[in-house]
Amino acid sequence: MTEPLHTSSNGGAERGPNAAFESEKTLQTTTRLQRFDSLHMEAGKIPGGQSHTAKVGWATTLHLAFQSIGVVYGDMGTSPLYVFSSTFTNGIKDTNDILGVMSLIIYTVVLLPLIKYCFIVLRANDNGDGGTFALYSLISRYARISLIPNQQAEDAMVSHYKLESPSNRVKRAHWIKEKMENSPNFKIILFLVTILATSMVIGDGVLTPCISVLSAVGGIKESAKSLTQGQIAGIAIAILIVLFLVQRFGTDKVGYSFGPIILTWFIFIAGTGVYNLFKHDTGVLKAFNPKYIVDYFERNGKQGWISLGGVILCITGTEAMFADLGHFNVRAIQIGFSVVLLPSVLLAYIGQAAYLRIYPEHVADTFYKSIPDPLYWPTFVVAVAAAIIASQAMISGAFAIIAQSQILGCFPRVRVIHTSTKFHGQVYIPEINYVLMVLCVAVTAIFQTTDKIGNAYGIAVVFVMFITTLLVTLVMVMIWKTSLLWIALFPVIFGGAELIYLSSAFYKFTQGGYLPLVFSAILMFIMATWHYVHVHRYKYELRNKVSNNYVAELAVKQNLARLPGIGFLYSELVQGIPPILPHLVEKVPSIHSVLVIISIKYLPISKIETKERFLFRYVEPKEYRVFRCVVRYGYNDKVEDPAEFESLVIENLKQFIHEESLYSQSSHSLEGESIKEIGGVTDPTSEVQDAMSSRNNSDQHTTEPRNGCMDEIQSIHKEMGNGVVHLLGETNVVAEPNADFLKKIIVDYVYNFIRKNFRQPEKITCVPHNRLLRVGMTYEI
């Protein structure tokens, strides 16, 4: 079997010294077909599908903006419940400090969520999807920095894979790209930074429900003054337990109500803010003058800096604007923030500041104290509902991130259940759900007040925002057409502000600030260990792949039985024959009548059209009916159930055989193994049409497939009736004998402990046990 690509040491296709530079321009156009058995060339024949970035009408945009209010802005919208109490933990000594803090809140909200995220970060999306993984995937597609060496040149021909390369500053970008690709340390650091950010966001799935529900329920003290803080925490815990227990039902059926509830919440807090402003002190509007920030720090010094740990809570949930972008679009998120959230929360804070100028002693319960008596109970009910919705959004976000991490080989196997037929990103993970529930209950029971939880929450919020700043800076340098001046200003202004806030949050490390770091350290260790072994397991298969002549040798063996039916042999290896095949033949001297060696591969892209998913090739000799198949998914794609997957593979295999038969009769002779990409054959690009037209003009009889092709398709159809058997490798990974002590601990004990305590592959794929054959093999890495 002749491989179309030669893999270099870093897993990419070997090219000349100038090829990488030139390839940046060729990603945007389909390379003209040179030969019909070229996987690299044939991958470009399919027209791209529609992405999130496609232009939509204003009616659709406004509808999406309304939906985003309930999904994206619940967390940031509930911040007025606890910001002032978390900032003035020791009370208000000077009422002028209220103006200083109010000014800090105004310009923090304007600088980070509005300017940084709405106008800059949202542009760094991956075909309409956002979040840390989206940024990492953008950088990974532009520069080969993946730690798993399974890149193929044809990956760049996937429609959503294409990037707009910087034309006017391509030399600078190319120089940085080369440095990144040639630096193993940079690849590792970038990966660790990415999983640190994702770990922090997953940790928010613990902290957001705690602080949101606890602060909302705390308002009941205004009506039931006899309740102790412990009893209030108990009520919050009961609500949290119910919240996690209903996660398995998904939010599809009740999600439509999120928007109206959160919008009602914004109307309540904005209206209350206007009421308090005109009733108590309109002078707080002076806080729009940033001079009061300077006065505040001059007056309070170190204590002013420490209070920033509370101020930063006014932008909790900002990252959700970017992370949830895939469900909406950039314009909808921008409208939702600037038209609804921004004026509502600013009015809420201004109203509370006006109230505190008159009643500074009420700072611990500012929100509920400032509500007019007739609106108390309606506001309380809406506040609890809004807190639950904000918590729901972060829990769902944690599930989605873990699902993405698992797909990219960065998280142990867990069962991902899709709870919505409308939104592919809404998933439920039972194991993670109950872990989050236990952690939420424990944190709420131990800390009981929003002040201490806020100390932890602040670190998590700013840490993720700072990492986003670093990754977007890389995108600006390499991918965007951005001048060096703007590139320098972005991390200096936004990164500088975030570091100041982060330093303040770290000051309260011992008062709860350690929580997100402990969560993140544990998650990072699990993710890094799993990915480390995942990478080395792939490299083991790459080093030990079997000779291309192996199948030809099998074909002449007389004692090798051919079993009825079709066998799907799974391997991560995308090039060559995996070592598990000869191991299987040695233990069970038989092979199915049709054998498809399947590699399921995830690209650093959010989604792949079904018509671009399957790549096939023959393994010589053709008459032996052994095929290689690479099945490509994006990190947000839903994997089909076994029955649907089997049907798709077989139908695309038949289509491949038919197309290969047509191509093989053309004047372009096939050499070695024949390769085709399946899908979209009824709508080829002009290059394929030109080639086909030229071929047909020279040889009219080639428009009909050879007779053997129809026999082969009928044979596969017949074997399909005999059933499909899934052959899953059950690899026992151990450290090689000469490995150092630390590696043996990580591989032999830590990794294997994680593997045994998470789900096994067949439980993830739901393959029926009566059609599953597990093939055991030991890998020494």
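Cβ from N, Cα, C; glycine included.
Quantities reported herein were computed from a predicted structural model and do not represent experimental measurements.
Feature annotation from Swiss-Prot assigns compositional bias 'Polar residues' to 1-11 (among others).
Annotated compositional bias 'Polar residues' per Swiss-Prot: 683-700 (among others), in sequence order.
Feature annotation from Swiss-Prot assigns region 'Disordered' to 1-24 (among others).
Among the features that Swiss-Prot reports, region 'Disordered' is placed at 681-707 (among others).
If you look up Swiss-Prot, you'll see 1-63 (among others) marked as topological domain 'Cytoplasmic'.
Residues 284, 286-287, 292-293, 295-297, 299-300, 304, 307, 309-311, 313, 353, 356-357, 360-361, 363-366, 450-451, 454 of the same chain lie 6+ residues outside the topological domain 'Extracellular' (85-100) yet bring a C-beta within less than 8 angstroms of a C-beta in it. If you look up Swiss-Prot, you'll see 85-100 (among others) marked as topological domain 'Extracellular', on the strength of sequence analysis.
Summarising the annotation, Swiss-Prot assigns topological domain 'Cytoplasmic' to 122-187 (among others) and lists sequence analysis as the type of evidence.
Taken from Swiss-Prot, the feature topological domain 'Extracellular' covers 209-225 (among others), and the record attributes it to sequence analysis. Residues of the same chain lying 6 or more positions beyond the ends of the topological domain 'Extracellular' (209-225) and with a Cβ under 8 Å from any Cβ of it are 75, 78, 81-82, 232-233, 235-236, 239-240, 243, 365, 367-369, 376-377, 379-380, 383-384, 386-388, 390-391, 394-395, 440, 443-444, 447-450, 453-454, 457.
Swiss-Prot lists 247-257 (among others) with the feature topological domain 'Cytoplasmic'. For the topological domain 'Cytoplasmic' (247-257), the model's pLDDT averages out at 72.
What Swiss-Prot lists as topological domain 'Extracellular' is 279-304 (among others), and the listing cites sequence analysis.
Summarising the annotation, Swiss-Prot assigns topological domain 'Cytoplasmic' to 326-334 (among others).
Annotation comment: Swiss-Prot describes 356-381 (among others) as topological domain 'Extracellular', evidence class sequence analysis. Packing against the topological domain 'Extracellular' (356-381) from elsewhere in the chain are residues 80-82, 84-85, 88, 91-92, 95, 98, 215-216, 218-223, 268, 272, 275-276, 280-281, 283-284: each is 6 or more residues past its ends and has a CB under 8 Å from a CB in it.
The annotation topological domain 'Cytoplasmic' is assigned in Swiss-Prot to 403-426 (among others) on the grounds of sequence analysis.
Residues annotated as topological domain 'Extracellular' in Swiss-Prot, with sequence analysis given as evidence: 448-458 (among others). Long-range neighbours of the topological domain 'Extracellular' (448-458) within the same chain, counting only residues 6 or more positions beyond its ends whose Cβ lies under 8 Å from a Cβ of the stretch, are 81-82, 85-86, 89, 204, 207-208, 210-211, 214-215, 218, 229-230, 232-233, 309-310, 312-313, 316, 501, 504-505, 508, 511-516.
Away from its own ends, the topological domain 'Extracellular' (503-512) comes close to residues 305-309, 312, 447, 452-456, 458-459, 462 of its chain (Cβ-Cβ under 8 Å, at least six residues beyond either end). Taken from Swiss-Prot, the feature topological domain 'Extracellular' applies to 503-512 (among others).
Annotated topological domain 'Cytoplasmic' per Swiss-Prot: 534-781 (among others), in sequence order.
Of the ranges 258-278, 335-355, 513-533, the one with the most Cβ pairs under 8 Å to the transmembrane segment (101-121) is 335-355. Highlighted: of the candidate stretches 64-84, 188-208, 382-402, 427-447, 513-533, 64-84 has the greatest count of Cβ pairs under 8 Å to the transmembrane segment (335-355). Through the fold, the topological domain 'Extracellular' (279-304) approaches residues 94, 96-104, 106-107, 350, 353-355, 357-358 of its own chain, all at least 6 residues removed from its boundaries and within a Cβ separation under 8 Å.
When Cβ-Cβ distances below 8 Å are used as the criterion, the transmembrane segment (382-402) is approached by residues 70-72, 74-75, 77-78, 81, 131, 133, 198, 201-202, 204-205, 208-209, 212-213, 215-217, 219, 239-240, 243-244, 247, 251, 258, 261-262, 264-265, 268, 317, 320, 323-324, 411, 414, 416, 425-429, 432-433, 436 of the same chain, each at least six residues removed from its ends.
Across the topological domain 'Extracellular' (279-304), DSSP assigns 22 helix, 0 strand, 4 coil. Outside the transmembrane segment (226-246) by six or more residues, the chain places 209-210, 213-214, 217-218, 220, 384, 388, 391-392, 395, 433-434, 436-437, 440-441, 444-445, 448-449 with a CB less than 8 A from a CB of the stretch. Secondary structure of the topological domain 'Extracellular' (356-381) per DSSP (helix as H, G, I; strand as E, B; remaining residues coil): 22 helix, 0 strand, 4 coil. Contact between the transmembrane segment (258-278) and the transmembrane segment (64-84) is supported by 3 or more Cβ pairs under 8 Å, counting only residues 6 or more apart in sequence.
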